Amino acid sequence: MTHDGTWSDESDWEAVEFELDEAAQAPPAPVVAVVGRPNVGKSTLVNRILGRREAVVQDVPGVTRDRVSYDALWTGRRFVVQDTGGWEPDAKGLQQLVAEQASVAMRTADAVILVVDALVGATTADEAAARILLRSGKPVFLAANKVDSDKAEADAAMLWSLGLGEPHPISAMHGRGVADLLDEVLAALPEVSEVAPRPGGPRRVALVGKPNVGKSSLLNKLAGDQRSVVHDVAGTTVDPVDSLIELGDRVWRFVDTAGLRRKVGQASGHEFYASVRTHSAIDAAEVVIVLIDASAPLTEQDQRVLSMVIEAGRALVLAFNKWDLVDEDRRELLEREIDRELVQLRWAPRVNISAKTGRAVAKLVPAMETALASWDTRIATGPLNSWLKEVVAATPPPVRGGKQPRILFATQAAARPPTFVLFTTGFLEAGYRRFLERRLREAFGFEGTPIRINVRVREKRGARRR
């Protein structure tokens, strides 16, 4: 294996399989969340930590984006840095939104960096976030950003008032003080993430979808009708997070149910608030039920939520809610919309339900079980390559640049979701990879789970001698 991930000889295969298997079994890296109000330099700090420009940075308050996680490495230690993004706030909604950001970070991170603008000083929003973080019991580091002079460093000292201990004066833009901050953060991190889901225990389910699609109603129907709520599991000092519900002779953990039960206010930025909640629930789940309003046209927001689930690699069940409101004409129109808008999701089990009346709600359990079984599936290397040989012989990859790439070998690098690596002599077009995914599903099932197909191109034999 070469430094850039290409490979040079068939003798590398066993080593590559071992390497991939080790990576798949590696314990989850600890997570550091970067939080703070808009325009304090969160994304700039994330980019500085990563050593590359990944997070969106714009010199205006509230570049509206979603929370994103990146793999990072510092002094030989792996960790994940979580950029909590920004929003377009107004004075009325800002404090609530920063507080929500902090509470999500408490649940999803092992340590938190609160970024404050040292030139502005502590604001009421900063104070609200600090109060929540202080109650978390997790390591919290105060980064006093935009410190580019001795005077600014003196201003940073005033941030002691937040009660988070000594402020760390930094300049995310120029790198000043960031190394010292990171050294302290990593010294406080556990070797293995303490917030990552542990194997075993009840399977974790998230109910997500656009506002007013019926998430709370479905949760109440599942819990109330079955009379089977075991208890609410205390998650943080802010609110209970998960609910354990017995369905189909097993207990399921429905994650972030506090977010479903609390109504989101009409303050500016509430869409970001909902997006943070959705990301948090998806990250914590193994299988995600995406609720879609069957009585109304599919929306861009529906598509965004579905994209979040696919990108996170979670098992997926589609629940078309409000079926009691759907007449025959709407059903025909909906089928056409699904064929047009969700053509890439034909693998996801679909259940037509009414959370209000309870129609077909019981069918969600077998759909979740099917999706999770697929999500957990591993295909042995022998059968996988026998299948691949037949498929490629019947439909070889298209010619690219006058040459036809050959697929020499395949292995499943991971499950949850099933992830495959193809070793080739050249690049494979996206269309051909989609074709292989369809054939994989035909041969091995995978109903209810995304599949990832990665390509590693073999290095030319003379490349390493040049």
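Glycine too: its Cβ is placed from the backbone N, Cα and C atoms.
Features as listed in Swiss-Prot:
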type	residues	note
BINDING	36-43, 83-87, 145-148	GTP 1 binding site
BINDING	209-216, 256-260, 321-324	GTP 2 binding site
DOMAIN	30-193	domain 'EngA-type G 1'
DOMAIN	203-376	domain 'EngA-type G 2'
DOMAIN	377-459	domain 'KH-like'
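Annotated features taken from Swiss-Prot, shown on the structure.
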{"residue": "VAL147", "record": "GTP 1 binding site", "contacts (Cβ under 8 Å, 6+ apart)": "ALA118, GLU153, ASP155, ALA156, PRO169, ILE170, SER171, ARG176, GLY177"}
{"residue": "GLY209", "record": "GTP 2 binding site", "contacts (Cβ under 8 Å, 6+ apart)": "LYS215, VAL290, LEU291, ILE292, ASP302, VAL305, ASN321"}
{"residue": "ASN212", "record": "GTP 2 binding site", "contacts (Cβ under 8 Å, 6+ apart)": "none"}
{"residue": "TRP323", "record": "GTP 2 binding site", "contacts (Cβ under 8 Å, 6+ apart)": "ALA294, ASN352, ILE353, SER354, ARG359, ALA360"}
Of ASN39, THR84 (the binding-site residues), the residue whose Cβ has the fewest other Cβ atoms within 10 Å: ASN39
Neighbour tally for LYS42 (GTP 1 binding site), based on other Cβ positions within 10 Å of its Cβ: 28
